[in-house]
Amino acid sequence: LNILVDTGSSNFAVAGVPDPDVTSYFNSELSSTYKSQGIEVTVKYSQGSWTGVLGTDVITMPKGVYGSYTINIATILESENFFLPGVKWHGILGLAYDALAKPSSSVETFFDSLVRQAKIPNVFSLQMCGAGLPVSGSGTNGGSLVLGGIEPSLYKGDIWYTPIKEEWYYQVEILKLEVGGQNLELDCREYNADKAIVDSGTTLLRLPQKVFSAVVQAIARTSLIQEFSSGFWTGSQLACWDKTETPWSLFPKLSIYLRDENSSRSFRISILPQLYIQPILGIGENLQCYRFGISSSTNALVIGATVMEGFYVIFDRAQRRVGFAVSPCAEVDGSPASEIEGPFTTGDVASNCVSSVSFHEPVLWIASYALMSLCGIILLVLIILLLIPPRCQHRYTDNDVVNDESSLVRHRWK
C-alpha cells in the first residue's frame, strides 16, 4: 500500500474495505497477526475525514531498522473527501505527537512505538522532491523518509534549527515574511495566529487571511505582470503561457524568517517562484498552465509541500526542534529553487510572537478538569460549613434571625 506521510496528524490508517478511488486495501480478516481493539475512531482533516476501527498489527522495516514491531493501525471503513479520484495512496501515516491521536492521546503513535521497541533515536527526517514538476503527473517524484536520524546525502550546506513551541503539531515561531526582499511589515503575531506549523500533509503554503492578502499584494506589485486575474490568486483559475516560455522569471522569491535556537537570532528559508508557481499537466496543446501554490487559511499558517519541496526537513523530537537544510532535489533546469541564509538579529521583532494561550484540545481538557476540581472543592467546603455543629455557629440575637437557606450560606461566608 502507498501511504501518505503526514506530519500534521497522528494516526496510522489504511483503507480497510474496497473504495471506488482506491486500487488496493488491507483485508484484516486475512491477516494472522492483526488484532482488532473494537474501538471506533474518526479523524477529521482540513479536507476530508474517515471513520474506522482501531487494531494492532505487526510491521517489518525493510531497510535500516531491522526487526518486527507491533503498532496501532486503524482500518478505514468509511470516508468522505479523503480518498480522491486519481490519488495514488491507500492510507496515511501520521507522524505528529500523541496529543493529536484519536480517539485520545493514549493511542501510541506509529513513530513512538518504533522508538520504544526498536530503540532508535527520537528523530525522523523528510525530503520531498517535486520542484518544478507537474502537480498532476503520474508516478512518484521520489523523496525519502528517514526514521531514526539524518542522512547526509539528502542535504547541502548547514542545517538550521528552530525550536518546537509546543508538542502537538510541529508548531514553530515565524518572525516575518519578505516578498522580493521587502518586509511585509506586519506584526509578527499575525504570522502565528493561531499557530504556525510544519505539515507535509498540506499541499500548499497556507497563510492567515491578513498575511495572505499582504503577500498577494506584494507579489502582484513586484512581479513583471501588469494585470492579473484575481481568480489566479484565489485558486479558481490557472494562468497559462506558451510552452516556449517559463513565467518564473516574472515573479519574486518569498522568504520566511524563523527564530533560531539562540532566541536573539533568526534565519530565513526562501522559495523561488519555481516552487509556488506550479505547472499543471495536460491543459492545452501549445500552452503550459500554472496554479498559485499559496492559499488563505482560517486557523493557521501552514508550511506545506509548496515550501517543504525545497528543503530537507529534520523533525528532532529528542531536542524539541525542527531543522531545515537545502535539498539537492530542489532544482529546476539546474538552478536551485530554494535558499537558506542566516543568522540575522531579532532586534526588530517582539521577543515572543506566539500567543501564550493556545486554544487546542489538550489545554481545553486541562482547563475543564481544573474548573471541575474547583467547583468540587467549593461544594465540599459548603457541605462542611452546613454540617458544622450549632455550638460553632455565631450566636444570633433576636434581631439577627436567619430564616432561609440562602441567607444561612451567605452569613456563613461572612
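Backbone N, Cα and C define each Cβ position, glycine as well.
Automatic, uncurated: that is what TrEMBL annotation is.
Checking Cys289, Cys329, Cys353 against TrEMBL, the residue bonded to Cys129 by a disulphide is Cys329. Recorded disulfide link (TrEMBL): Cys188 to Cys353, out of the candidates Cys289, Cys353, Cys375. Geometry remark: Cys289 (disulfide bond) versus Cys329 (disulfide bond), CA distance 23 Å.
Considering only the recorded positions Asp199, Cys329, Cys353, Asn262 (N-linked glycosylation site) has Cys353 as its nearest partner by CA-CA distance. Ranked by Cα separation from Cys329 (disulfide bond), the recorded positions Asp6, Cys188, Cys353 are led by Asp6.
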